[in-house]
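K.L.:
Pasting the relevant annotations from TrEMBL:
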ACT_SITE  Tyr133  active site, proton donor
ACT_SITE  Lys204  active site, proton acceptor
BINDING   Arg186, Asn440, Asn484  (S)-malate binding site
BINDING   Glu276, Asp277, Asp300  divalent metal cation binding site
DOMAIN    110-291  domain 'Malic enzyme N-terminal'
DOMAIN    301-553  domain 'Malic enzyme NAD-binding'
Amino acid sequence: MACGALKFGLRQNLSSLLASKHQSSVNKSRLSPPLRSWHASVLKTDYRKVVDPKYNKGTAFTHKERQILNIIGLYPSCHRTEKEQLFAVYTNFKAHKTNLGRYIYLRALRARQERLYYSFIIDRIEDVMPIIYTPTVGIVCQNFSHIYHTSMGLYVSKYDKGHMTHVLNNWPETDIRAVCVTDGERILGLGDLGANGMGISVGKLDLYTALGRIPPQYLLPVVLDVGTNNQQLLCDPMYIGVREERCKGEEYDELVNEFMQSVVKAFGVQTLIHFEDFATPNAFRFIKKYQSEYCYINDDIQGTASCGLAGFLAAEHITKKPLNEHVIMFAGAGSAALGVGNLLVKELLSRKIKEEDAVKNIYFIDVDGIVTKGRKKFVIPDIKRFAKDLPPEKNLEKLVEDLKPSILLGATGQGGIFTEKILRSMGKNHKHPAILACSNPTNKAECTAEQAYNFTEGRALYASGSPFPPVVINGKRLTPSQANNAFSFPGVALGVLCTKPHTITDDVFLVTAHAIAEYAREFAPNENALYPPVKEAANVAFHVGVAVAKYVISCGAATIYPIPKDITKHVKDYQYYTDLGTALPSVWPYPELARLPLPDRDEEMECAD
Ligand SMILES: NC(=O)C1=CN([C@@H]2O[C@H](COP(=O)(O)OP(=O)(O)OC[C@H]3O[C@@H](n4cnc5c(N)ncnc54)[C@H](OP(=O)(O)O)[C@@H]3O)[C@@H](O)[C@H]2O)C=CC1
Ligand SMILES: CC(=O)C(=O)O
Ligand SMILES: [Mg+2]
C-alpha cells in the first residue's frame, strides 16, 4: 500500500478516535462523583492490562498509543523501536556476570514483556539456548527453590488428588494445547530434584516457542509434585515442593493417571501431553500405557530417539557406509540410549533388514557392563532384544577395543567415561568415528569436544547434549554439533498441534529423524557435522513440523477440517511472530488500537493533530 494512503487512513482513524476521546473527556467533567470514581477505576484497570506481560510493549508504546491508553507519564518519554529494545535487552543480558544471573534476568523480562522476551530468545538463540536450556537450566533446577519468585507454571501436587481438574482449570489461560510435565525424578543427569524440576518444563516449552514458534499462550509447564527422595531438598528450609518422600507404587500410578484424565477434562482430548525427565522405569511403563490412549510423547525416549537416529543417518551419509554395516555401541541403557536403539531397529526393519541382522551389530553397555543373554534380570524388558551371547565384561575400554564400534553414543549421566584410550581406539579403527556424548549438563558429557577431536586428530564426527565451543586442531577450526532432542520435540509438537491427531505413533519419530537428517544434508551441509548448527534450529523445527503434519494427514490421523491443501502454509500460519507492529495477540484487549492501520516497521506513528 502506498505510504501516503496508509498515513491518510491512519489520520482518519485517529481523528475520529480523538474526537470521541475529546467527547468522553467533556462528558467526564460532568459526571457525578460516584461515576467519576468508576471512570477512574476503569482507567486503573486499563493500566493493569497494559502491564499484563502479554500485551506490555514497555517503551515501545508510541506516543499516540500512550495517549489513547491514558498511560502517558507511566513510561519514560523515549519511544524505543523493537530493535532498540532488543539492543537494550542484549546489553543487560551480557552485563550479568553469571549464567544464573542471565537466567534470572530473562525470567524477569518474561514476567514483564512476554513478546519482547520471545523476540529476544528467537533473535539470539545461540546465546540464549545455553541459558534457558541445558546446561544452565541444570543449575537453575538445582537452585530453583532459592531463586523462585513467580510461578512460571502449574504445581499439581499429591494433595490435589481427587480435584486435579480444578487445579488445572485455575491456570489463567483457557486454550491450552500442550502440557509439558515432569515429576522431577531424573532431571537431566542430575537426579531427583523434586518440584525444582519446574525449570525443565518451562525450558522445554520455551523452545516450543523459540524454535517451533508455537504461540506461548497455548503452552502449560507443569510439575507433578509427588515428593522427593533428595535428602538435601527435604532438609532445605527454602524448598518449595512437597516435603515428603516420593509416592510410589499404586499411589503414584493413581496420581499420574488422574493427571492424564484431568488434562483431557480441562483442555480437551487433543492436548499434547509431553512427559519429561521421569525416571526410566516409569518412563517406559507410561509410554506403553498412554501412547495409544492420549496425544502423548515421552521426550527423553522418543524425542531423543529421533535426534539420535538423525545423527546416525548423518554419519551414514558422511562415511558412505550403510547403517547396518556400522558397529554401534550404546554406553547407557536408559530412556535415552534405549529409545535411540529401538528407533534405529525400526529404521533398519523399514529397509527390509531382518530383526536378527538389525540388532547384530548393536551393543548396549550399562553399569553392569555389556548386556548379555546370560543376565538374570532386565530392568527394562525392551533391552532383551539387544542382549548378546558373549561373556560378561564391564570394562568399557576393553569393549571398545574388542568390538571396534564406528558409532559410540553415551547417555549414562557419567561425565568423562569416554577416556583417552577409548577415543584413541575409535580414531585408530575408523577414519570418521561418530562420537555422541549425549549426557547433560556439560559436566556429565561422556567426553568434551576438545578430547574427542584431540585424540582422533580432528577426524571424529562429534556431537554433545550440551554445547561445547569450537576447537582448533592443526590450524583447523572444528565446530562440534549439539545432539539434543531440541532438534526434534519443537518440530514434532508443531506438526502435531497443527493437525490434532488423537495419538502419536513411533512412526512420527522416524519421520522426524529423517526430516532432521534431510535438513542437515540439504540446507546445512558440512562434512564433519552430524547436526545442523543451533542457529538453524528454528528452521529445522519448521522442516520437521511440516514433515510431521504431512505424515499425520497422509495416514488419516488428522482431525482438522478441512484438510489444508497447502500444508506448508498451514503450518506457517499456525506460528507465532513477535513483531510488535504486526503480531497482535488473538485476544488483544485494546480494540481501539487494533483498528489502527499499522505503521511501517520502525516508523514512528505520525501524529494526527
Ligand atoms: N542429549 C539429549 O537429547 C538427551 C540427553 N539425555 C541425558 O542422558 C543421560 C541419561 O538419561 P536417561 O537415559 O534418561 O537416564 P537413565 O538413568 O535411565 O540411564 C542411564 C544409563 O546409564 C547407565 N550407566 C550408568 N553408569 C554407567 C557407566 N559407568 N557405564 C555404562 N553405563 C552406565 C545406567 O545403568 P544402570 O541402569 O544399570 O544403572 C543406565 O542404563 C542424562 O544425562 C540425560 O541428561 C537424556 C535425554 C536426552
Ligand atoms: C535433553 C534432555 O531431555 C535431557 O537431558 O533430559
Ligand atoms: Mg529430558
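One-based numbering along the chain as shown.
Yeah, the Cβs are placed from backbone N, Cα and C, and that goes for glycine too.
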K.L.:
Using a Cβ cut-off under 8 Å and a sequence separation of 6 or more, which residues in the same chain sit near Arg186 ((S)-malate binding site)?
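P.N.:
The list for Arg186 ((S)-malate binding site) reads Asp192, Asp277, Phe278, Ala279, Thr280, Asp300, Ser335, given in order along the sequence.
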K.L.:
Determine the recorded positions, out of Tyr133, Lys204, Asp300, Asn440, lying near ligand 2 in the sense that the CB is under 6 Å from one of its atoms, and give them in sequence order.
P.N.:
Asp300, Asn440
K.L.:
Which of the recorded positions Tyr133, Glu276, Asp300 have a Cβ less than 6 Å from any atom of ligand 1?
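P.N.:
So the answer is Asp300.
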K.L.:
Quick one: give me the count of other CB atoms within 10 A of the CB of Asn484 ((S)-malate binding site).
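P.N.:
Asn484 ((S)-malate binding site) is surrounded by 25 other Cβ atoms within 10 Å.
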K.L.:
Measuring Cα to Cα, tell me the gap between Asn484 ((S)-malate binding site) and Tyr133 (active site, proton donor) in whole angstrom.
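P.N.:
Asn484 ((S)-malate binding site) and Tyr133 (active site, proton donor) have their Cα atoms 11 Å apart.
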K.L.:
Could you list the residues of the same chain, at least six apart in sequence, whose Cβ is under 8 A from the Cβ of the residue listed as 'active site, proton donor'?
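P.N.:
For the residue listed as 'active site, proton donor', the qualifying residues are Gly203, Lys204, Asp206, Leu207, Ala486.
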K.L.:
Near ligand 3, which of the recorded positions Tyr133, Arg186, Glu276 have CB less than 6 Å from any of its atoms?
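P.N.:
Listed by sequence, the hits are Glu276.
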K.L.:
Ten-angstrom check, please: count other Cβ atoms within 10 Å of the Cβ of Asp300 (divalent metal cation binding site), all chains counted.
P.N.:
26
K.L.:
Around the C-beta of Asn440 ((S)-malate binding site), how many further C-beta atoms are within 10 angstroms, looking at every protein chain?
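P.N.:
There are 24 of them.
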K.L.:
Around the divalent metal cation site formed by Glu276, Asp277, Asp300, list the extra residues of the same chain whose Cβ is within 8 Å of the site's Cβ centroid.
P.N.:
Thr182, Arg186, Ile187, Ile200, Phe275, Phe278, Ala283, Asn298, Asp299, Ser335
K.L.:
Averaged over the whole of the domain 'Malic enzyme NAD-binding' (301-553), what is the pLDDT?
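P.N.:
Mean per-residue confidence for the domain 'Malic enzyme NAD-binding' (301-553): 97 out of 100.
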K.L.:
Sorry to bug you, but what's the C-alpha spacing from Asn440 ((S)-malate binding site) to Glu276 (divalent metal cation binding site), rounded to the closest Å?
P.N.:
14
